[in-house]
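Contents: one structure, followed by commentary.
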Amino acid sequence: MASSQVGDMVNGNAEPTRHLAKFPPSLWGDRFTSFTLDKQLSDKYGNEIEVLKEQVRSMVVAGGRKAVEQINLINVLERLGVSYHFEKEIEEQLEQLFAKFEDNEDYDLFTIALHFRIFRQHGYKMSCDVFNKFRDSNGEFKETVSNDVQGMLSLYEATYLKIRGEGFLDEAHAFTIAQLESLVGGPHLSSDLSEQVMHALKQSIHRGFPRLEAKHFISFYEKDASRNETLLRLAKLDFNQLQLSHREELCHIFRWWKELDLISKVPYARDRAVECFFWSTCAYYEPQHSVGRAVLTKIMLLLSVTDDTYDAYGTYDEVKLYTNAVQRWDVSAMDELPDYMKALYRALLNVYDEVERDLAKQGRAYGVHHSKEAFKEIVRSYEIEAEWFKEGYVVSFEEYMKNALVTSTGRLHTTSCFMGLEADVATTEAFEWILTKPKMVATSGAIGRLVDDVMSHDEEQERGHVATGLDCYMKQHGVSKQEAIVELYKMIENAWRDINEEMLKPTAISMKLLIRVLNLSRISDVVYKYVDGYTHPEIIKDHVISLFEDPIPM
């Protein structure tokens, strides 16, 4: 947190010393300022999509198909990114398939692992004992497994659905990674299969950004000799049509952000309108959630600037004033703020008023109160961190995490995300569930907080920053930075296990809500996997271009 070394002067003439972050500027210039939707092309795509959807729907519900064929069809639909059109039909099929599933000795590793992954993704708790037949009397994997590349790849993907206490899946994860890495680029893999393996090792299905992973899979599927041309055509059309819609939405958001002109008044902050929309599109990409994407993006942008204000510019006295103003949530509180904070505070109040008006038209404004309260909670926790930095405190890891579970934004992002869902899904009970501090939301926030602490540690400490979870763990346990990183990654993996378990039936709330929390967790894996891709947007630039600019060749 930024502190004053000269003196915490809010309205005096002397400018206090500030620990400026010097964040990289926006990458995009005016690139997304204008976009004209090709209505004729969009309508053409839409008409053909409707015809193909009915053909595929008939395939999904058709009787007489073997269970293996049905699970393979569902897998292809999901990986192509078109399963959202057939949610009801797929759930009905999976319920029947799970009830009738038998561990048939004829099923190979690929098929067993595929069943395991698909069932668990949909909340069905298939036991990992189904993999026992692939181990010898010593508990080691049989030699035949090492020769089955597709089987190992399927098992590798399945291991990401593990929960606590499933040591076998930990062993399988390490085993398949080692085996697959040894095969990449070797003579035993075709170039296409080698490319699939390399991508899987870089980004798993379960933790990936659904729309990006769909685009990758489409490129693999069209080279598959056994491909279904109807499915492939639907996937390409669907991706391109949604891309047109997302691009138009991004243009509206980008222009709104430019017209708000907040960054010119707070130039110390990260300018990340495009990246926030990218984030929101991961939370929900489906066409019916356009309002939700806009709402979530705007709130994320305001939170990002607020975070940078506490983290990389504001003095302790200044941020205390801002915290108090946010708690009051009243325009009269602006009078007590320094000029640069007035612009941010005005934007905060105006955006929430705008969001409330838009959602009121659809009878969904009840969630706005919950989002405001979550925002208030976060700035209180930001102030706690500012005090720690001012006093030079390195608190215990447990105390750090208690506060970090708030600053990780899990509650705010989940609440704001729910505001964009249909009223019959995001009910008042759904928002009340968030208030109970459920494990699903807490662990989602913990993943984001811990991986960010690891990836941004060196840069933040160089400029002056409150002690992160990494620092607190190192001091408390007397370990090296590398040893602390290992332990934090163990915590991250356990958090993923908890998320997986929370999504097994019976669930606390609708799976339609839980999948949004899962998607918010996935963002951390994609954006912070190797470096802080939000602070350094060039890291995810190719993802943004792939998602919003580059169509799939038809």
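Glycine residues also receive a Cβ, built from the backbone N, Cα and C atoms like all the rest.
A quick note: this is a predicted structure, and the numbers were derived from the prediction, not measured.
Annotation comment: Swiss-Prot describes Asp307, Asp311 as Mg(2+) 2 binding site. Annotation comment: Swiss-Prot describes Asp307, Asp311 as Mg(2+) 1 binding site. What Swiss-Prot records for 326-330 is motif 'DDXXD motif', and it gives a curator's inference as the kind of evidence. Marked as Mg(2+) 3 binding site by Swiss-Prot: Asp452, Ser456, Glu460.
Projection of Swiss-Prot feature records onto the structure.
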{"residue": "Asp307", "record": "Mg(2+) 2 binding site", "DSSP (3 states)": "helix"}
{"residue": "Asp452", "record": "Mg(2+) 3 binding site", "DSSP (3 states)": "helix"}
{"residue": "Glu460", "record": "Mg(2+) 3 binding site", "DSSP (3 states)": "helix"}
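Per DSSP, the motif 'DDXXD motif' (326-330) is made up of 3 helix, 0 strand, 2 coil. Sorted by the number of other CB atoms within 10 A, the binding-site residues Asp307, Asp311, Asp452, Glu460 start with Asp307, the lowest. A Cβ within 8 Å of the Cβ centre of Asp452, Ser456, Glu460, the residues given for Mg(2+) 3, is found for these other residues of the same chain: Asp453, Val454, Met455, His457, Glu459, His465, Thr468, Asp532, Thr535. If you measure from the Cα atom of Ser456 (Mg(2+) 3 binding site) to that of Asp311 (Mg(2+) 2 binding site), you get 13 Å.
In the structure as shown, the Cβ atom of Ser456 (Mg(2+) 3 binding site) sits within 10 Å of 19 other Cβ atoms.
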